[in-house]
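Enquirer: If you scroll down you'll find the structure; I have some questions about it.
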Amino acid sequence: MNHIVTKKIQKVLGYTFTHKDLLKQALTHRSASSKHNERLEFLGDSILSFVIANALYQHFPYIDEGDMSRMRATLVRGNTLAEIAYEFDLGEYLKLGQGELKSGGFRRESILANTVEALIGSIYLDSNIKTVEELILKWYEKRLEKISPGDTQKDPKTRLQEYLQSKHLSLPLYFIVEVYGEAHNQLFTIHCKISTISEYLIGTGSSRRKAEQDAAQKALIKLGVE
């Protein structure tokens, strides 16, 4: 990563790294190098969950645990993180292996979402919890202003099921079609079948549940519900 690119991505993120190797690692997919971003992603996922949970706790003093959990799930889910990645144009900074490059990995939501988490982890290691918390809250400022408790915070699988039931349609079927990677770091691919849609809706995620949620979200969009 040359100096110009490094300077550009740091400006986009709103943070200047002391240890540039952490930035480089955060942007490196496992297909490109043995020194990839998955451990940083693990760390960043936990930090993000804490920061968002704390923000919701402070902003909504009278909301119960269930609503806060649903709001947090909405804010930290894969497609929300991918939206942030698109806003930062992260795809153009990723270091991918040839296979992922050819298959359009720089546009894949799961890779982009994981990279945002890895960046959070790397910024924490490069600075401290206060700095990374302030940065996350800046990234999420508009989303935190807009979010509110209610049915819209139900997860995609629940919303899809309730929609289909309201139309007296069959419930969706989910099938695992591929599990890639080692046991501690797998990528699941799920097919979701809806009776009124001819093709399968494809979801991916780091767990079966996340992949099913991704597929359900795509089904809701396909059905014109969202």
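Including glycine, each Cβ sits where the backbone N, Cα and C put it.
Since we're looking at a predicted model, the values are computed, not measured.
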Enquirer: If Swiss-Prot gives Asn114, Glu117 as binding Mg(2+), which of Glu38, Glu41, Glu178, Glu182 does it give for that site as well?
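Expert: Mg(2+) site check in Swiss-Prot: besides Asn114, Glu117, the record includes Glu41 out of Glu38, Glu41, Glu178, Glu182.
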Enquirer: Within 8 Å of the Cβ centroid of the Mg(2+) site residues Glu41, Asn114, Glu117, which other residues of the same chain have their Cβ?
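Expert: Residues close to the Mg(2+) site, other than Glu41, Asn114, Glu117: Asn37, Glu38, Leu40, Phe42, Gly44, Asp45, Ala113, Thr115, Val116, Ala118, Gly121.
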Enquirer: List every residue in the same chain as Glu41 (Mg(2+) binding site), at least 6 positions away in sequence, whose Cβ is under 8 Å from its Cβ.
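Expert: Asn114, Thr115, Glu117, Ala118, Gly121 - these are the non-local Cβ neighbours of Glu41 (Mg(2+) binding site), listed in sequence order.
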Enquirer: Averaged over the whole of the domain 'DRBM' (155-225), what is the pLDDT?
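Expert: Across the domain 'DRBM' (155-225), the average pLDDT comes out at 90.
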